[in-house]
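In what follows, a single structure is set out as structure tokens and then discussed.
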Amino acid sequence: MDRPHSRGAPPSYSNYDEDPDELRLGPAGNPAAVRLLPASSFDEEIPETRHSRPTHRAYQPSVSSIHSRPSSISNIPSMPPPTESYVSYRETGSPTRPWTPSHVGRSSDEYRRAPPSSVHYERADLNGSPRPGTPSSRYGGSPRRPLPPAPLFAGPGARSSAFADDATVSIPLSDVDDPFGPGSADLGEARGHRGSYAAQSQVTLNEDDDEGSHLRESDIGYDEADAVDEKSAAHYGPAPAEGDQQRRGVREPQKSRKEVQLINGELVLETKIPTILYSFLPRRDADEFTHMRYTAVTCDPDDFVERGYKLRQNIGVTARETELFVCVTMYNENEYDFTRTMHAVMKNISHFCRRSKSRTWGENGWQKIVVCIVSDGREKIHPRTLDALAAMGVYQHGIAKNYVNQKAVQAHVYEYTTQVSLDADLKFKGAEKGIVPCQMLFCLKERNQRKLNSHRWFFNAFGKALNPNVCILLDVGTRPGGNSLYHLWKAFDTDSNVAGACGEIKAMKGRLGQNLLNPLVASQNFEYKMSNILDKPLESVFGYITVLPGALSAYRYHALQNDANGHGPLSQYFKGETLHGQHADVFTANMYLAEDRILCWELVAKRDERWVLKYVKGCTGETDVPDTVPEFISQRRRWLNGAFFAAIYSLVHFRQLWATDHTVARKVLLHIEFVYQLLQVLFTFFSLANFYLTFYFVAGGLADPLIDPFGNRIGLYIFTILRYTLILLICAQFILSLGNRPQGAKKPYFASMVIYGIVMVYTTFAAFYIVIRQLTDPKAKLEMGNNVFTNLIVSMASTIGLYFLMSFIYLDPWHMFTSSIQYFMLLPSYLCTLQVYAFCNTHDVTWGTKGDNVMKTDLGGAVGKGSTVELEMPSEQLDIDSGYDEALRNLRDRIEVPKSGDSEAQMQEDYYKSVRTYMVVSWMIANGILGMAVSEIYSDRTISENYYLRFILWSVASLALFRALGSTTFAIINAVNIAVEGRVRLSLKLPTWLGGSRGSKSAISSSVGSGTSIFTGLGEKITATLRRR
């Protein structure tokens, strides 16, 4: 039965039945042959005494499963053929339907088809094959069940069985398609002649080792479980004893053995997408929309191109230049985190396509963007995330293999150009919501080898194959703004000296800011905001941002490349992946915990180059922050250790700047920044002692009977209790950090943070009381000099006042009112709990991937000789559709996946622990000596006479003023750029006789580029002047 072609169907589907034994494999122009395995008995004559066996409604013709047992019915003795009066046996549970399609065309009203129902049900068949029946349908129930909700952009035909248009796949009925009709007994013979979108059944004929009998096509898909008697049909039987049970109505995929031609000795397959997805696609005019491409990569990522692997953007009609390459790394995040990020990325791609006046982008701008998703470990990925990828058409279950010709597969690469997206609520969005096609590349790594290895696949394997201009790095869970990716790309387009850029990372506050009710989330919100207002703009003015966060950052691919000798930013960046044991000292190992900081330094200090890093204010991204104490401590451990040791590395190697091609002005600015960083490192190292001394002198001021606000020496008692409590708590913090994980000591860590908060509240109360008493005391003189007013009031007011001032300048002051109190209350925990735990765990430099080097075999393999391999694949289109249907149902029902327990902590090397001990002892002794010495020297002096407290307060105020000056400079430069760009755009709109430059679009990039390079141009002028002299 030939299927009528719909108007929108691509040629590949309409001509699919010309060769039923051919499967599309590999790129265009190099098709791979797929043929049936020969069987010695294929040409033997089939005995005439063997009659067709009647089948019941659950009968499903398909290929022979290699997992099913041989049918014992096929070995029964020969029986004479039935007479004309023979009536086929029909099970009592199968109703007689006089309007079955087999009787269509009869004149009697008895055989007329019933009118269509108004309730939307699934068809009884799919692509000419029966729907997988549920247990109830096997024993007489209706096989029809309500359809899942169709995508919003599906046409009427996709949402109603009563309509059909060019967006639907027409699946006509025939006598042989009805499992209830009398012609169903001859399904095996008729099935081979049907024509539809689905691939024809592939049959493997093999000799039976036991009896020497041969499989017939009518035997395919039939086993002993299909022979159901009346007694078993009465009920479902006893409940399953144990183990996972398959969902009712889900068809178990059938597989057949096929011979597949290898491409350059590697396994590359192209399979059709599921029918449901195909039915509502807006575009079906190319293979990239109708076929998914799978590649089993058996080499190291560094050898990807050399081994001859190619991506779709390198071959055939899809060969394109890549301007923007987006990397999304994930580990075990759930489907909500993934869809939140992926849907935001697709909306950003739509923004590129809406820029119709751009010389680079436009309606087909999506062809210049490739989104690469790298998952760290096949056994670590969340099952529902795989379902989300399958719903988008990027992933299909049952295709991947563990090995190809005894070579272990290192990564599974899936390529597909999807036209649908899933939002954070798991709802389909398509062209009606502005979603454009998106070229997706899904790399599922076989083993868990951490994030750095995922970036090596991205840069050294796929990046080398595509050679993009700009690479953007994202973490799953981060939601970029609607035009954030465009602003990141624009920073590289307007300034050719920019090698890296980052945006503003925001803490996800939830609906109506409800997450801010958690003090931990509120404190991180304040920290992120002040970093984006003070730190990032300051470093951007200097040209060196110490860290471009991996959650939202971008790099120029050309700037990352190594030199001819193999030395450069990428070689240093990936050096941390091979550091193990005593081959790397603790300093280097901890430094590469923040390898992105090393990459930033290597870019700025690259020999004979003048690369700079830039902060893009218009680029924003929301990310979920830790909301529990154990998760928060574990995250900050790696951040603090990596930042501390990476800062020391850059300070020690600052002389590399002298070999760069930076201007004199830029080098002067960078040296000023290094002095600032040196002070920051020193304050970080002595932060424990400085906090204790601040508490000792400020809170101890209330112990003076002349100042005591409570009287009766109560202030002295409170101070004494809190002082010894703080000392004991710091000692207990060392014990906790050395012997317990945060996940195993939640209550002690939480209690310590509460006590630190109480200490901070009392210290803040003491400071405000002293300030108010000083202001209201008529004997006190409010004048600048060596007094309490100058040392305490002015220094503290300037620090907090600068925070408010800069927040208002950037028009973002709300965090000062909603999150500042929580941050200052948790500030002692930042200085003590986090810092102590980080230094006490400098030995912890592993990522928990030891022992994960055994080749898995659960997916099967591709085995053969020469350039031909034999492998198992889904045999019918129905198998592909069933997997897609199950993925949609899993997403709709939101089935929870059991969470695996924490794995046992791996033993660390004695070398790391011994060095950790020496470092912790040195750090503890240094802070102890400073605290005891200063407290003894100034124990009997007032605040106005305490020079160390004065130094601490004014140092904090000075650093805050320095950051505010840099932030203000950045704001001025940003305002100038906006003004210049606005003026140029206005001049383009004006005619020439009014002073405009209509038609000269090149003026935009040149003018804006000059505006963003103020300091670069100034430095070049100074350098030229010095050379002339």
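Glycine too: its Cβ is placed from the backbone N, Cα and C atoms.
Remember, predicted model here, so these are calculated numbers, not experimental data.
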In Swiss-Prot, the member of N127, N348 to which N-linked glycosylation site is assigned: N348
Long-range environment of the transmembrane segment (681-701) - Cβ separation under 8 angstroms, sequence gap at least 6: 644, 647-648, 651, 707, 719, 722-723, 726-727, 730, 759, 762-763, 766-767, 770, 828, 831-832, 835-836, 923, 926-928, 930-931, 934-935, 938, 942-943, 946, 948-949, 952, 955
Closest-packing stretch to the transmembrane segment (716-736), where packing means Cβ pairs under 8 Å, from 639-659, 752-772, 791-811, 952-972: 752-772
Residues that sit under 8 angstroms from N348 (N-linked glycosylation site) by C-beta distance, when 6+ apart in the chain: P480, G482, N483, S484, L485, Y486
